[in-house]
Amino acid sequence: MAVKAPWLGFLLLVSLWGLSTPALLLRRLREHIQKFQESSSLHPGFGLGHGPGAVPKQGWLEQPLDPFNASDRRTFLQRYWVNDQHRTGQDVPVFLHIGGEGSLGPGSVMAGHPAALAPAWGALVISLEHRFYGLSMPAGGLDLALLRYLSSRHALADVASARQALSGLLNVSSSSPWICFGGSYAGSLATWARLKFPHLVFAAVASSAPLSAVVDFSAYNQVVARSLTQVAIGGSLECLAAASTAFTEVERLLRAGPAAQAVLREELGACGSLDLTEDQAELLGALQALVGGTVQYDGQAGAPLSVRQLCGLLLGKWGNRSRSTPYLGLRRAVQIVLRSMGQKCLSFSRAETVAQLSNTEPQVSGVGDRQWLYQTCTEFGFYVTCEGLQCPFSQLPALPFQLELCEQVFGLSPASVAQAVAQTNSYYGGQSPGATQVLFVNGDTDPWHVLSVTQDLGLSEPALLIPSASHCFDMAPMRPSDSPSLRLGRQKISQQLQDWLKDIKKSQS
């Protein structure tokens, strides 16, 4: 029997010591932005998802650890949140916000687009935290024997079970349509929930959903480079060239020997030694993640930098321009990100990364890192590379270097990772999932949109590509500064849901 976990309140799930590896840096950045938006949304005057005095309810569901084996009686407690302040009856729509690879707080039902849509339909808003993340942790730690119960298929079984259990617990009518919302990996889960359980899930809105698993995600940095040239968000060809120049200088200093490396370490506010090639690759990967993360979350509340600001730094538009260089601009960008996220230094130790990811004890700081690495090794890949000759950044860390983590931490070979990725696409259908009544929403500056659906697959599988929008921006709390294209995109989402809900009312009358 799982032990009920206490609510730990608002935790900024960010390491106090440093950022390490590209993937971990992006996770820290995502968590930082998510927590900022969730905590800000609960203050009066921010967002449009709730009224004064609104209090979300927290609950726990007892779920089977292995839903595919009826003889296994082990269970765990899965956390959910409820916002019923706009609910007008038993047969109203239910908006289910599916959690992804991280913790879910009360803001998951109080802020963002699903919560903002609720008043128009008198909808009930629920969020469901993903197994093995946040406080929805099975007892026993994170060793391999337990991680075998962590997969998208297990998560979907949880969604189906929760949908049925919550209908009874919350007195939801059998005629109420359930609409799944999710962003990024959770957007894929929303799609697949509709695909696998059409009798339980009426429709889905999949935001920035990377439906196609891929081992070598070289297209990520191709989109980053293209987005750095977009004038609408403050980019330019000169900005891209400056970014390339900055990385060339970092690589020159790394090759110049110990003295130059010591200077580089001090100037970047980095912690640790650069003696080992593997640590140099980690540093270059972290710097790429900083640039990529700026593009990925451009313009969002809580993001340390925007593309416009980053390009301004790289091009020396602030301060003494005559003394500025792209490398100096990159240094300033690193300092801004570290300061914004409360970091002591930029970490790049491969040995420390492996040790951290090999720790089987659930951690409050850095929660979810080992779990998400396991899912990339056993289902999705998503290893960002920049190995082509046209890459504007560093060609390190290369794909083999990244795949080594799967072997070092879990004993999984590159061949097994490739096989797992192929099986994922075969099972779900990749970018042609064949699910009806799913709206795919993406932003064209988001590097992940190339793995999603950006053109209509049919009348019941529409796609919406929002100009100049970043990752999951449509799900973020509304702000007065939102662009006209983002506002229009949200209106189109609302209209599509209205059309689908009209159809169900016609069929019931």
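Each Cβ is built from the backbone N, Cα and C atoms, and glycine gets one as well.
Annotated features in Swiss-Prot:
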- S184: active site, charge relay system (ACT_SITE)
- D446: active site, charge relay system (ACT_SITE)
- H471: active site, charge relay system (ACT_SITE)
- N69: N-linked glycosylation site (CARBOHYD)
- N171: N-linked glycosylation site (CARBOHYD)
- N320: N-linked glycosylation site (CARBOHYD)
- 1-22: signal peptide (SIGNAL)
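Under the three-state DSSP scheme, N69 (N-linked glycosylation site) falls in the coil class. Put simply, H471 is the one of the recorded positions N69, N171, D446, H471 whose Cα lies nearest to the Cα of S184 (active site, charge relay system).
Using H471 (active site, charge relay system) as the reference Cα, a 10 A cut-off selects D446 from the recorded positions N69, N171, D446. Proximity of N171 (N-linked glycosylation site) to non-local residues of its own chain (separation of 6 or more, Cβ distance below 8 Å) is seen for Q90, given in sequence order. Remark: of the recorded positions N69, S184, the most isolated position is N69 (fewest other Cβ atoms within 10 Å of its Cβ). N69 (N-linked glycosylation site) sits 39 Å from D446 (active site, charge relay system), taking the CA atoms of both as reference points.
In sequence order, S208, V223, V295, Q296, A469, S470, H471, C472, F473 are the residues of the chain that are 6 or more apart from D446 (active site, charge relay system) and have a CB within less than 8 Å of its CB. In the shown protein chains, 27 other C-beta atoms lie within 10 A of the C-beta of H471 (active site, charge relay system).
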